[in-house]
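So that you can see what the record holds, here are the features copied from TrEMBL:
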type: DOMAIN; residues: A:124-341; note: domain 'ABC transmembrane type-1'
type: TRANSMEM; residues: A:12-38; note: transmembrane segment
type: TRANSMEM; residues: A:67-90; note: transmembrane segment
type: TRANSMEM; residues: A:128-149; note: transmembrane segment
type: TRANSMEM; residues: A:161-180; note: transmembrane segment
type: TRANSMEM; residues: A:217-239; note: transmembrane segment
type: TRANSMEM; residues: A:269-288; note: transmembrane segment
type: TRANSMEM; residues: A:322-340; note: transmembrane segment
């Protein structure tokens with residue numbers, strides 16, 4: 001390879017590096033020197049006041065100064081937030097009221113499409129199924145596992161086994177599970193675990209991901225597999241945080257194992273339970289990777305986030321894609337508000 | 001109403017050599033208030049938890065009345081326990097906390113209501129019945145924990161340092177409340193504390209434990225007047241007894257310039273079993289007088305004076321048998337010395353405690 005061939009790329013790389021150093025270094029320098037400058041000025045002033053050179057300030061000019069400081073430190077964050085979050089949100093909302101190539105306003109047409117078009121409604125229903133099933137099943141599985149494994153031998157090993165899927169990317173997990181569901185015709189050896197099991201029991205192998213609604217359920221299994229570990233870890237920590245003497249008091253009061261779970265354990269871990277359910281719900285609403293990797297939304301498995309992507313970037317229907325995005329955003333807001341209020345209540349309580 | 005009997009009850013934690021509780025033999029009478037006391041790690045809490053069923057009994061047995069409860073689960077023992085941190089259910093109101101055990105036993109609602117209201121009245125908790133524990137003060141929580149035990153109407157109350165989380169004033173107040181309550185209800189009570197003042201003021205009898213071994217069990221008065229061994233002598237009483245090991249002669253113990261007269265039998269016992277010509281004698285701080293320089297007292301250099309208002313504790317060191325020994329004397333306020341003074345201490349030779357120098361047993 002000749003140097004001339006790659007030199008433009010190297011030059012670009014150099015530009016990038018210089019740009020990085022200038023921007024980041026500049027910011028760091030600014031953050032260091034500006035407060036120091038103010039500090040020194042303030043110090044000189046105090047010294048001057050102490051020496052009696054200038055009169056001590058009669059009223060306190062600190063309030064505006066502090067506001068200035070705050071603004072200075074907030075500025076980079078506010079700019080980044082505006083560029084990365086606020087402007088796109090407003091733009092997306094605007095686009096959702098426009099046609100496919102964003103050339104004219106169409107009012108609520110896109111939203112109308114979303115709730116009347118058969119395919120779009122199917123997408124919404126699928127998403128609903130996800131949001132109902134994943135948090136409940138993943139949390140239940142995580143909770144049951146956490147309770148069963150608590151204080152058992154090899155607890156650490158058992159816990160890391162179920163927690164490991166958390167470390168795998170959604171795409172990686174999807175690829176693994178595509179192998180589990182893989183299909184070969186009856187004459188061939190099965191390479192998919194599920195079909196092999198079916199064959200062992202004398203059944204005929206099946207193309208699992210083709211039939212709706214079973215295929216959506218099979219995709220949901222992947223998400224549950226990933227999220228149950230998360231639920232388990234948080235809930236297990238919450239269970240361990242229950243004071244030992246409360247458990248002992250309950251034993252003296254005469255609870256059975258069942259009553260211990262429902263009357264003592266469950267109420268005690270309620271805050272953690274809410275955190276887990278909310279976190280999984282939000283993650284599930286935004287689910288994209290699993291569906292995209294495993295079926296690409298075909299065979300009636302599509303969900304909101306993937307359809308939003310398809311409409312916007314594959315079919316160039318920016319308006320419809322934006323409408324879906326706005327709808328998703330509106331759905332998440334109440335959950336986030338609930339979560340914040342819940343956290344605040346905990347902090348006060 | 002019931003008696004409690006520990007019969008050679010032993011608890012050995014997995015992975016340890018020494019038992020946490022070593023062959024404990026203890027009989028607690030019906031309606032008695034027995035206090036288990038000792039330093040940290042002496043096995044007093046473990047003994048209580050063995051009775052509660054929260055701790056296994058590795059050897060021996062425990063009886064409530066004549067019923068062997070050694071291997072029964074906690075709920076089958078008909079006991080109620082008050083925990084150090086109260087262990088109230090945070091998600092239940094005061095009423096629900098107290099009613100919980102009864103509800104589990106399917107007691108009729110009206111009966112539960114009657115008992116909870118009664119207990120609440122007894123403990124002045126009526127206005128807090130609808131509150132959650134976190135909205136209560138420490139003293140109120142403590143009373144709820146008591147109430148939760150009372151409504152059960154158990155055969156035995158167990159209390160594990162229930163006052164240690166209260167401030168000093170409330171602790172003294174609650175101490176008398178618990179003692180009064182126990183006398184009123186007449187329920188057999190086992191009470192664990194590390195505070196010997198609590199032990200002495202509350203217990204009908206006090207059991208002193210050290211390293212899992214029962215040292216002595218007796219009434220507070222007997223424990224104070226006739227401690228069974230050196231440990232009990234040093235543990236009970238505040239400030240602690242002055243305990244010194246000194247040479248032994250035919251006439252008695254040689255204490256500085258003085259002779260502490262001993263009976264012939266005491267001298268003989270002291271010399272047996274490797275006494276090695278030594279004896280351990282003890283004087284309580286209040287059993288010493290400050291005397292004039294010429295009256296033959298032991299010179300003590302004062303290091304600290306605690307003025308208690310009514311009287312004063314004088315702490316200092318004295319040369320004794322070539323070593324420097326610590327001394328405490330309780331003195332009248334009028335004769336209170338200053339720091340750095342040398343005072344002359346003369347123990348009252350009729351109020352001494354003598355122990356075997358090697359075994360520590362009372363002579």
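For all residues, glycine too, the Cβ spot is worked out from N, Cα and C.
What TrEMBL says about a protein is an automatic prediction, not a curated fact.
Within its own chain, the transmembrane segment (A:217-239) is flanked in space by residues 129-130, 133-134, 137-139, 141-143, 145-147, 149-150, 159, 162-166, 168, 170, 173-174, 177, 181, 208-209, 265, 268-269, 271-273, 275-276, 279-280, 283-284, 287, 290-291, 294-295, 301, which lie at least six positions past its ends and keep a Cβ under 8 Å from the stretch.
Two recorded stretches are said to be in contact when at least 3 C-beta pairs lie under 8 angstroms, sequence spacing 6 or more; the transmembrane segment (A:269-288) and the transmembrane segment (A:128-149) meet this definition. Most Cβ pairs within less than 8 Å of the transmembrane segment (A:12-38), among stretches A:67-90, A:128-149, A:161-180, belong to A:67-90.
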